[in-house]
Amino acid sequence: MSHLLSFLEHYGQMQRLQEQAGEYRSRLRREESRRRKQLRTLRRAYRQQVQDKLSVIESLEGVICEQQNVMETLHGMKLPSTCPLYPCPPVSPVGVHRLVESISALQGERNKLLEEITGLRQQLEEEEKGKQQLAGSFDLQGVTDSEKRIHNLTVENEGLKQTLGVTQGLLQQLATVSAQPSATLAQENEGLRSRVQHLETSLQQKVEELVRLEGQVSALQWRKEQELRRLDQQIRELQLALETQQNRPPDVQYVTQTVEVESPTTLRSLVEAEERNRGLLEQLSSQGERYQRLAEQLQGSEEVTAGLRHKIAAYESEIAKLREELLREINHLEAQKEEAVKEASESSEQHLEQLREQLTGVQRRLATLQPILKGMKTNYSSLRSQVRDFSGFYEAAIREARRQMCSAVSEASEASRDLLQKYQHEVLLRKKYHAQLVELKGNIRVLCRLKPVTEADQREGEVSTAVSTEPGSDSSVTARYKGKERTFELDKVFLPEATQEEVFLEIEPLVLSCLDGYNVCIFAYGQTGSGKTYTMEGVPEDPGINQRALQALYREMEARAGLWKYSVTLSVVEIYNEVIRDLLGKEPQEKLDIKLNPDGSGQLHVPGLTSVEVQGLQEIRKMLSLGKRNRATCCTNMNERSSRSHALLTVTITGTNCSTGTKTSGKLNLVDLAGSERVWKSGAQGERLKEAQNINKSLLALGEVIQALRAKQGHVPFRNSKLTYLLQDSLGKGNKTVMMVQISLLEKNAGETMCSLKFAQRVCKVELGPASRRIDSWGQSEL
Ligand code: ADP
Ligand code: MG
């Protein structure tokens with residue numbers, strides 16, 4: 001809105017300025033017409049002057065003609081001696097001769113004069129023609145006047161141009177600037193007014209100057225008339241002189257003298273006249289040139305005026321266009337306003353209609369709701385009466401419910417006791433069947449895992465194999481060595497494709513029997529590189545038996561959480577060169593010894609061996625990595641060390657039955673044996689030979705212990721090696737053992753493969769007898 005108001009204000013200012021411009025234009029037109037009138041009067045005066053000059057020249061011509069006639073008569077009088085005008089005295093022949101001579105000289109002189117006069121006349125005529133031409137093209141009287149007037153006109157034009165420039169600037173400002181303070185516009189108006197006043201005063205001055213110039217022109221005219229009068233006077237004097245000469249007696253000597261005296265005067269006057277004429281001619285030519293220049297200037301100023309007029313017309317058309325646009329805009333806005341008003345009225349009408357409809361709907365609903373309200377009121381009153389009765393009814397109901405709940409709880413507790421008894425019975429049965437299943441499979445299980453040909457083997461070009469299996473049989477394996485083939489029958493043979501998961505599932509029941517108080521040993525046997533560590537430890541992305549066994553134990557412990565409470569302890573040792581080292585101890589370099597337990601139970605124990613009680617898998621993993629680190633610090637080459645030492649991880653699980661208080665204790669021994677290759681045969685010496693001998697000794701001892709057990713000998717040589725001595729209570733009668741024999745498929749390893757399989761076969765045939773549980777004396781009867 002404010003925008004529109006400011007626009008209208010500017011529009012008003014613009015109109016005012018337009019009016020001012022119109023005023024200036026009309027004033028200019030008036031001035032021009034006034035100047036044209038002045039020019040016309042000046043032209044008339046000039047024509048009059050020229051006519052006067054012409055009449056003077058005509059009168060001069062008349063005088064000359066008369067003089068000529070006189071001269072002719074004088075010439076005619078010479079022959080008839082009886083001329084009445086010039087009566088000739090009787091002359092002598094010498095006197096006549098002289099007269100004739102003087103007359104002929106006069107004639108020559110007269111002819112000369114005539115020629116001069118005709119030349120002058122021609123000059124005059126030409127001058128007149130030039131003047132007429134000038135008068136035809138430009139009717140101007142005084143050069144100085146015209147110059148001044150044209151100068152004034154130019155100045156005025158300049159002033160007008162400036163005014164127009166100012167007006168134009170103002171118009172542009174109005175078009176572009178929307179918010180100009182009105183004070184500035186008022187100031188500009190004031191400035192314009194003062195300019196107009198200045199122009200008016202200058203106009204007044206010019207008029208005065210014009211009057212002065214007119215006075216000068218009349219003075220000039222008067223001077224010219226004076227000049228002409230003087231010339232007339234001279235001509236008249238000349239005529240009189242001529243007449244007096246003609247009237248003189250025909251005294252040849254005298255005449256000749258008179259003519260001699262008279263002719264220089266005439267000549268002088270003629271010369272003077274010529275000079276004056278020349279001066280006039282020069283003035284005329286200079287005036288012509290000035291006139292030319294002024295005409296050009298006038299033309300230029302007229303062109304400028306025309307250009308300015310064009311500009312004014314253009315501004316006018318622009319203003320008209322702006323006005324049209326403004327009108328259009330106003331019309332458009334008005335149309336929009338009308339449309340909006342119309343729309344608003346329509347929408348309000350619609351809204352009103354909708355409201356009316358809603359009102360009628362509400363009224364209708366109100367009419368229908370009233371009976372409902374009445375019904376509700378009655379309902380409410382009846383409900384209130386019911387609520388009043390409710391509290392008594394509620395208390396009685398609660399009493400009844402409490403009684404019913406008490407009877408239900410006593411029934412439920414009886415049933416749950418029954419269920420618990422049944423559950424415990426079921427658990428015991430499950431354990432019994434599990435034990436029977438394990439025993440059916442044998443207390444010592446010999447499994448064989450074939451290591452697949454790895455990418456590293458392929459890179460080395462070792463791809464020919466010496467081991468094969470029979471399709472359809474999962475317990476036999478055939479090895480070829482030095483042209484001979486031998487088939488071995490074991491408890492289970494895992495093909496190269498067997499996964500870690502499949503291998504573990506086979507021994508899972510044995511592992512879980514620890515929780516029931518059994519001691520379990522799992523050995524990985526085989527030459528270096530046959531996959532012992534892979535089977536026991538595995539790789540981070542696919543863990544081996546150790547990790548999976550611990551996971552399964554914890555899973556089972558969680559499952560039995562309500563009935564049994566277990567505690568788990570962990571120890572990790574390395575047996576290298578028949579020396580036991582504690583890998584969880586603070587000083588892993590320290591040697592440990594195996595001793596009989598001083599409590600008289602006949603059990604063995606290792607004084608100083610770290611046995612850590614762990615709370616969960618996370619802690620076990622930490623301990624295992626600590627053991628690995630400690631093993632690595634004991635040696636320079638981890639790979640070589642691991643191939644020449646036994647790694648033993650022992651998990652002891654003690655369980656307490658929550659309901660009976662029965663205690664069980666089971667041990668899980670996970671052993672990654674040293675490489676079984678026969679190094680001593682390759683002529684090894686020194687430390688290396690000692691190592692090989694020790695390894696051989698311990699593995700041999702393991703074999704002997706198992707053979708003694710098989711033969712049911714009274715003496716089993718457990719003490720022959722640190723390994724068998726340490727595992728004495730887990731390897732003996734009533735325990736469970738798994739021997740995982742790892743073999744390579746490659747032909748280059750065929751010798752070692754054959755040895756490993758022979759060892760497996762030997763162990764497989766050993767009978768350990770039925771396994772037995774370690775249960776406290778106060779515990780329940782053995783299953
Ligand atoms: P060992 O402990 O008997 O010296 P390793 O367990 O270190 O032998 O195995 C030697 C290499 O063979 C390791 O790189 C291991 O990852 C790989 N390997 C062993 N058994 C398998 C298998 N069943 N599948 C894939 N790779 C195996
Ligand atoms: Mg290894």
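For all residues, glycine too, the Cβ spot is worked out from N, Cα and C.
Just so you know, TrEMBL annotations never went through curation; they're auto-generated.
With a 10 A radius on its CB, GLY529 (ATP binding site) counts 21 other CB atoms from all the protein chains. The ATP binding site annotation in TrEMBL covers GLY526, GLN527, THR528, GLY529, SER530, GLY531, LYS532, THR533.
Summarising the annotation, TrEMBL assigns coiled coil to 96-163 (among others).
Positions annotated as coiled coil by TrEMBL: 189-365 (among others).
Annotation source TrEMBL lists domain 'Kinesin motor' at 443-766.
When the neighbouring Cβ atoms lying within 10 Å are counted for each of the binding-site residues (GLN527, THR528, SER530, THR533), the highest count belongs to SER530. The Cβ centroid of GLY526, GLN527, THR528, GLY529, SER530, GLY531, LYS532, THR533 marks the ATP site; residues of that chain outside this set whose Cβ lies within 8 Å of it are LYS451, ALA524, TYR534, SER643, GLY675, GLN742, SER744, given in sequence order. A count of other CB atoms within 10 A of each Cβ picks out GLY526 as the most crowded of the binding-site residues GLY526, GLY531. All protein chains included, LYS532 (ATP binding site) registers 29 other Cβ atoms within 10 Å of its own Cβ. On the 0 to 100 pLDDT scale, the coiled coil (96-163) averages 63 in the predicted structure.
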